[in-house]
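Here the structure is laid out as structure tokens; the discussion comes afterwards.
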């Protein structure tokens, strides 16, 4: 049941009377029918007219007292009345959208002992709202008549909405089984804040937790602790295993282009009489442009924004002029204004055309960064799947050949077929010239490398398929989906997707991730996420509230020894996804991944982790907790995973005995605190508390 139904906002529950009484006793019918008259008389009797200044003073004073002394229910009520007109209007509009809500506003029923037969509620069966409400009133000794009348809302109908909210407050407690202590009130305020948008509810939800007793705060606190198996612990203590080189290390040192590739590039630059200064200057501009790229807007989104821009410009510059009265000159002026407005509202996406000079810019400035990123991503497969020996490679958006160089360095002995697709003929020619250079001694056989400008019409499975920094070049979602389908159908083992580590790049990776997983499930294709996610749940970066933060990783690289780039290094931020087609090995364990830099402090570290339950957590690990595991994590870097042999377990602090219940990741949900025990613990004496502690420790 949605709590909004209690206010009559949506159809499905007629007010709050169904399951409470529905006026079963005839003696209540006349009183119920006169609910509107009763409310109007009550309003005239209690209403206090106030000015804006008086409302401000009342709101300020009641707000301070409500936070400092939450037991002052009268101050909470005053704050809700003087700060809530807009929210009350929002509730009223929502109620008018449904037949039930309109009926409630018309009849203005009340919840009181005069309209609700409390004795009849007691006879209702368990599981009904009426029975639950009766039990709630009996348990806490409350009465439906205990709610104060609304005094400071000037509009009569809004005053009834406020009164209605006030009278259904206990029903929120009933539905969610929340006690009336501070913890229960804060929980209910969160629900009410989402449903009603009342400032009083939002304030209570945000500032209420600071008033929680320390014991109650500890009740719901959870922390992650380290555990290490005895074999790994003994190896580290006996110095048989260096914590710097644990099995979870996925990062690579500062990456440099292979000597043969570097010499081949410099030879190609010299052969074409390229001006170092000019190509580097324009290349750095191209690099900045590539980094700032956004997702191409869809056609329907463009149409919406164009309509908004047209309406804005017409109202601002041609107000009072009818469309049929606009002459050709005025229409052209309006269209120009709309176009200028659209440039501010929409990202002006254009496909980058790589001619000969632009290809050299990319080669000199961007190629070292791309190569380092590919080496880092391929290193993940190399370390975790040691039996993988690819024989064929499919590279979509191959560019100058960076994917080919990286794959050749790691799997050159096993690779027998390279299929490279790039729409730019100049890029393909440049990549071929570098491979044929006499300086690139370890280059793959050119007869095994096939350059094409378009995707193949038929499907030929390849062991590893790569799309690096290419999805931005596709004009819309349909084009991306079509391309991903082709790449996935050409994959026999691994599909690797890499994009910039920006919000836009992460968005494209997540879009591909969601679509490929859903499509594979729909067509019964066995697949799993190999990296970087330790789970297949929705990305927590997109689930978290607030500003979007991309899931990205970092790699350092050496630039080319050319002109102003000589002896300089760079850092590349990237987002990536590795999907594995086929059944997941049963022995493989998905370990948590470090998703931000490890903060090293005195005798403790702080790690930002993506857990295998699909949640992000920031964990504090002191040295004294587990020295061997601590040493491994202290040497870990951004992008590494928790090594085999080290496990992360969650602990909950229970109020009853202030002890710690240890629980594994498989049964985090099992040891929850019963809220009714909390109530009884607060009201029990010292002897009862000791008995509770004994029971909890036995449990």
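Every residue gets a Cβ built from N, Cα and C, even glycine.
TrEMBL: automatically predicted annotations, no manual curation.
The Cβ of residue 169 (Zn(2+) binding site) lies under 8 Å from the Cβ of 147, 188, 192, each on the same chain and at least six residues away in sequence. As annotated by TrEMBL, Zn(2+) binding site applies to 169, 170, 173, 185.
The region 'Disordered' feature in TrEMBL is assigned to 659-699.
The compositional bias 'Acidic residues' annotation in TrEMBL covers 663-690.
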Cβ contacts within 10 Å for residue 173 (Zn(2+) binding site), all chains included, total 20
Counting across all protein chains, other CB atoms within 10 angstroms of the CB of residue 170 (Zn(2+) binding site) number 22
In the same chain, which residues outside the set 169, 170, 173, 185 have their CB within 8 A of the centroid of the CB atoms that define the Zn(2+) site? 171, 172, 178, 180, 184, 188
